[in-house]
Amino acid sequence: MHDLISLGWSQVFESLFLSLNDPTLVPARVAAVDRGRWTLLGPDLAVSATLSGRLSNQTLNAEDLPVVGDWVAARMEGGSAMIEHVLPRRTSLMRKAAGRAQRAQPLCANIDLVIVASALDAKVSPNRVERTLAVVWDGGAVPLVVLTKVDLAPDAEEIADELRARLLGVDVVATSSRAEDGLDALRPYLQPGRTVVLLGASGAGKSSLVNRILGQEHQATGEVRADDARGRHVTTRRELFVAPSGAIVVDTPGLRELGLWEAEGGLDAVFADIAALALKCRFRDCSHSDEPGCAVVRAVGQGQIAPDRLEHYLRLRAELASSRERLEARSPGHDDKRWKTVSKSLRQRDKLHNKLGLKH
Ligand SMILES: Nc1nc2c(ncn2[C@@H]2O[C@H](COP(=O)(O)OP(=O)(O)OP(=O)(O)O)[C@@H](O)[C@H]2O)c(=O)[nH]1
Ligand SMILES: [Zn+2]
């Protein structure tokens, strides 16, 4: 069992919790989410909880539902646990929602550090790393690039240096989970109370690294014993672990499908050099393609910026613009409410038809 501090609790959450001003509630952190059930961890607490009626009535948008890493205020009554409030998130990692009406879906919340893993046994794609960094910054977390499988790459330091030069201000370390190499370099990042997640393509070595970070603490199955609503002992999954270093590691399968969700802030942070040059373009809405007086195109001509970097920037910006258009085509909250009404009236129609013995 862990106390609140070792689960990542801080002054900020303490204040938010106290402002609820309800001494009958206890704070807890979401360690897993399964259809309609949330595994909560707290001081002397591992419990499977549901949403309170009030909270589920208030929650119109999927993004407001608790996700792994969220801090919640729960009511414990006769062995059952009910989530009454989700404390405001400090940071989150968002996935672009599937479907036409796009919406950012939080995958996990209150993350401090995101380890962006890229394996050295394949060609490291700086473009892909940059895209992931944009998502990380967007959600307010700090990234650390970890090049894995350094035992397979004699030129690892060169690749790391190239990345450092390109990703200004981002730390890059190279590790090998197999040879236990470079793992010491991770230590400064894995401090007590700090919440860490790993992102990276399949095969990037995330699981191997998580196992190294968690050591024997980590149960392969990720199971935890919890009490269900009727006070029975049940075994549920968990995806949030406290490492021997004191860091909290979120290891959730959902993160592996992270899509692109970039805001301009994220994009301009990754392409800070281009963003700075763009201020000197003659036209404020310069598209950096064929306008006269374009400072960005000039910089490419002078070899200051690699042409493929500009091309990549323009492609990402176009993607961003089209997803924003789709977002704006829809007013927030509206569809969800309407869908509730529609599905309710469909259910009522079905009931009526059943009563009348009609087939539909
Ligand atoms: N040589 C070497 N192989 C490694 C290292 N770390 C991981 N691997 C191997 O790389 C493969 C993928 O590693 P995983 O840790 O499963 O990668 P992952 O990112 O969790 O992959 P997914 O579960 O598909 O998302 C496995 O066969 C590992 O044994 C390393 O440091 N050196
Ligand atoms: Zn321009």
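Counting starts with 1 at the first residue shown.
Yeah, the Cβs are placed from backbone N, Cα and C, and that goes for glycine too.
Just so you know, TrEMBL annotations are computer predictions that nobody has curated.
Keep in mind that this is a model prediction, so the values were computed, not measured.
Copied over from TrEMBL:
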type     : residues                                                                                               : note
DOMAIN   : 99-258                                                                                                 : domain 'CP-type G'
DOMAIN   : 109-256                                                                                                : domain 'EngC GTPase'
BINDING  : THR148, LYS149, VAL150, ASP151, GLY200, ALA201, SER202, GLY203, ALA204, GLY205, LYS206, SER207, SER208 : GTP binding site
BINDING  : CYS281, CYS286, HIS288, CYS294                                                                         : Zn(2+) binding site
COMPBIAS : 325-339                                                                                                : compositional bias 'Basic and acidic residues'
REGION   : 325-344                                                                                                : region 'Disordered'
Mapped DSSP class for THR148 (GTP binding site), helix or strand or coil: strand
When distances run from the Cα of CYS281 (Zn(2+) binding site) to each of the binding-site residues THR148, VAL150, GLY200, SER208, the nearest one: GLY200
Nearest-integer angstrom distance between the alpha carbons (Cα) of CYS286 (Zn(2+) binding site) and GLY200 (GTP binding site): 34
Cβ under 6 Å from ligand 1: qualifying binding-site residues of SER202, LYS206, SER208, CYS286: SER202, LYS206, SER208
Fewest-neighbour residue among binding-site residues, criterion Cβ within 10 Å, set VAL150, ALA204, CYS286, CYS294: CYS286
Zn(2+) site, defined by CYS281, CYS286, HIS288, CYS294: further same-chain residues with Cβ within 8 Å of the Cβ centre: ALA278, ARG282, PHE283, SER287, SER289, GLU291, GLY293, ALA295, VAL296, VAL297
Candidate with sparsest Cβ neighbourhood (10 Å radius) among THR148, SER202, SER208, the listed binding-site residues: SER202
Rounded inter-Cα distance in Å - ALA204 (GTP binding site), CYS294 (Zn(2+) binding site): 39
Among SER202, SER208, CYS281, CYS286, HIS288, the binding-site residues whose C-beta sits under 6 Å from ligand 2: CYS281, CYS286, HIS288
Length of the line joining the Cα atoms of HIS288 (Zn(2+) binding site) and GLY200 (GTP binding site), in Å: 31
Pairwise CA distance, SER208 (GTP binding site) versus CYS294 (Zn(2+) binding site), rounded so that it is a whole Å: 47
